[in-house]
Amino acid sequence: MPKNSKVVKRDLDDEVIESVKDLLSNEDSSEDAFKKSELIVDDQEEKDVDVEEGSDVEDERPAWNSKLQYILAQVGFSVGLGNVWRFPYLCQKNGGGAYLVPYLVLLLVIGIPLFFLELAVGQRIRRGSIGVWNYISPKLGGIGFASCVVCFFVALYYNVIIGWSLFYFSQSFQHPLPWDQCPLVKNASHTFVEPECEKSSATTYYWYREALNISSSLSQSGGLNWKMTICLLAAWVMVCLAMIKGIQSSGKIMYFSSLFPYVVLLCFLIRGLLLNGSVDGIRHMFTPKLEIMLEPKVWREAATQVFFALGLGFGGVIAFSSYNKRDNNCHFDAVLVSFINFFTSVLATLVVFAVLGFKANIINEKCVIQNSEKILKLLKAGNLSQDMIPHHINFSSITAEDYNLVYDIIQKVKEEEFDSLGLKSCQIEDELNKAVQGTGLAFIAFTEAMTHFPASPFWSVMFFLMLVNLGLGSMFGTIEGIITPIVDTFKVRKEILTVICCLLAFFIGLIFVQRSGNYFVTMFDDYSATLPLLIVVILENIAITRIYGIDKFMEDLKDMLGFSPSQYYYYMWKYVSPLVLLLLLVASIVQMVLSPPGYNAWIEDMAVEEFHSYPTWGMIICISLMVLAILPVPIVFLVRRCNLIDDSSGSLAAVSYKRGRIIKEPINLEGDNTSLIHGKSPSEVPSPNFGKNIYRKQTGSPTLDTAPNGRYGIGYLMADMPDMPESDL
């Protein structure tokens, strides 16, 4: 009820009862009565207003302030950390420039069509994922709940990565950077380099020991890492404050969080191209290896990357689009956001390999110097003859080309005893072939390269601020995928739900900031989302094409967009996309079965990573994550299939409505529906033909499917008041 109007309060107390008899026998008066009441009228020229069952006030759904704000929100959700540290890795691993071919093909086959489908469904029904799939078919309502569970699992560990980035960001305001050199250890007699750091590298040591203070196995908790605990708390506070008012607060922040990463990437690209060796990295990146492109594994990994890059199945896409006007051109949005995502991945790949090319040259120079010193020692010791060294070679200022020439000569002359000389081949390609992804790319490889930048603290601040913004953009969509469906379904206050959700996630997330927390992040990343999301999107596709009806859906799109979408989408949704998704699901299951479940543990004594299998309890957690994520689907199906919960409240049997609200009065209407009209046969009943299509949104009523014109809407709002005088008819 409006808080500032006593007049409105008196109006609300003036209850008006309308029956089906009024609607059918007196169309003019019924239309006037409906206009006076605050029911939903499906008129595109009027403001979209949703009136919910049992709501005390007219529930006006929030809307985006502008189309730009909405596009930035979708871009911010789809463009995330995976674009920076997974796409470049997959591109380098799977054929370089040739990898772009399968990626683009699969983007057109499953990426854009499924992204368009989610945008259209959310925009048309204007509900979160739970409400959308309840509407399509109440028995499939579990799809929405499964999306919420997956979003929650992903949010738990994704915000930990933002916490790591915040920690590195806070440590970047130092010169030199704290990971620039290995620390020195002093004892009673002398000072020496930290052995763990000397065996690895300064950036590797700082990541594992200073930042994570990691334990040697999953079973060794080691207690909380207080530095990361504070950073995790800060990350959740940022998310909570940004999301507490819904899109009114998060939408404004999107202008910064979505655009700032592009500024940083462009700055890094310009700076990277000016670095020595950057061209080597980019050339290596886009040198196509066509033979690799024919391997099935490449297509599977490309499909997986397309799938997760666009955020399909999470519910965030549906939630964001539900705040659009119904006549918004979501087809244009789907194509635009998909290609922005793709070009962002390519831009990030250029930046990554320009920097890695620079880093490879730095490492290669060190390799040349160290091995040249070995050759000089071998010459002095008489193990090598001076005659085999070309006269123009100057070991005091030797180039990589000259060293490789000497190396090849020594290898041919000393073929039998060459291995005992301990010389290394210093090739830039060898360094670039070391595939690095994920945290290893951001917190080890990139940080090491930045230590060699002029004004390295500035670039470090920019880089980790970019990671924080990329992470927050994705987190907003992920949290929206949880909050919006629950608010729409259970009518709770968004502010309270947001605070509770963030607090709960923070306390559960403490398992990720133990000393063994990094291993749990790996576990959740591998098992909490992949298979459940694939199943969710397959069911979404089936729900639209088989349950709701692909022909009917295409008509709805024409009605909503004002034009008929290409038949290309018809065939993609009905035949191609489900087949590709099923193949991807089978391939993912096979890959998961064949790959031994485990994680890479950091061994402090040897300063190397070592593969460990999960203990029994760890395997139980892995399986539980997948089962819990998909469990809502069969539970909701069985509950509604077997009528285990009384859903009579979902009936439209009787509705008394006041101005500004609707109150349901459940009345059992079993038997002949003609009893509503006091004995008139169906043929005698006048056909309702109102000037406007009036329907109300209703979940959980499978018997009332669509409005007469085939548009989204669940039947006419009807009321049966048996005590109404017959003279009123």
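Just so it is clear, glycine is given a Cβ too, placed from its N, Cα and C backbone atoms.
Record features (TrEMBL):
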type	residues	note
TRANSMEM	70-88	transmembrane segment
BINDING	Gly76, Val79, Asn83, Asn341, Leu470, Ser474	Na(+) binding site
TRANSMEM	100-121	transmembrane segment
TRANSMEM	142-169	transmembrane segment
TRANSMEM	226-247	transmembrane segment
TRANSMEM	259-282	transmembrane segment
TRANSMEM	302-323	transmembrane segment
TRANSMEM	335-356	transmembrane segment
TRANSMEM	458-483	transmembrane segment
TRANSMEM	495-513	transmembrane segment
TRANSMEM	533-550	transmembrane segment
TRANSMEM	571-594	transmembrane segment
TRANSMEM	614-639	transmembrane segment
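Taking residue pairs at least 6 apart in sequence, the transmembrane segment (259-282) and the transmembrane segment (458-483) share three or more C-beta contacts under 8 angstroms. Listed in chain order, the extra residues whose Cβ falls within 8 Å of the Cβ center of the Na(+) site residues Gly76, Val79, Asn83, Asn341, Leu470, Ser474 are Val75, Phe77, Ser78, Gly80, Leu81, Gly82, Ser258, Pro261, Thr344, Gly473.
Taking residue pairs at least 6 apart in sequence, the transmembrane segment (100-121) and the transmembrane segment (335-356) share three or more C-beta contacts under 8 angstroms. The stretch with the most CB contacts under 8 Å to the transmembrane segment (495-513), chosen from 70-88, 100-121, 226-247, 302-323, 614-639, is 226-247.
Highest Cβ contact count with the transmembrane segment (100-121) among the listed stretches 70-88, 142-169, 259-282, 302-323, 533-550 falls to 302-323 (criterion: pairs under 8 Å).
If you take the C-beta of Asn341 (Na(+) binding site) and look for same-chain residues 6 or more apart in sequence within under 8 angstroms, you find Val75, Ser78, Val79, Asn83, Ala309, Leu310.
By a simple count of nearby Cβ atoms, those within 10 Å, the most crowded of the binding-site residues Asn83, Ser474 is Ser474. Residues of the same chain lying 6 or more positions beyond the ends of the transmembrane segment (70-88) and with a Cβ under 8 Å from any Cβ of it are 64, 161, 247, 250-251, 254-255, 257-259, 261, 285, 305, 308-311, 316-317, 320-321, 323-324, 333, 336-337, 340-341, 344-345, 348-349, 352-353, 437-439, 441-442, 467, 470-474, 476-478, 480. Spatially close to Gly76 (Na(+) binding site) yet at least six residues away along the chain are Met254, Ser257, Ser258, Leu472, Gly473, Ser474, Phe476, Gly477, judged by Cβ distances under 8 angstroms. The Cβ of Leu470 (Na(+) binding site) lies under 8 Å from the Cβ of Val79, Gly80, Leu81, Asn83, Val84, Pro261, each on the same chain and at least six residues away in sequence. A Cβ distance under 8 Å defines the sequence-distant neighbours of the transmembrane segment (302-323), meaning residues of its chain 6+ beyond its ends; these are 61-64, 70, 73-74, 77-78, 82-83, 86-87, 90, 94, 99, 102-103, 106-107, 110-111, 114-115, 118-123, 125-129, 132, 144, 147-148, 150-151, 154, 247, 330, 333, 337-338, 341, 345, 474, 477-478, 480-485, 529-530, 533-534, 536-537, 540, 580, 584, 588. Neighbour density for Val79 (Na(+) binding site): within 10 A of its CB lie 27 other CB atoms from the protein chains shown.
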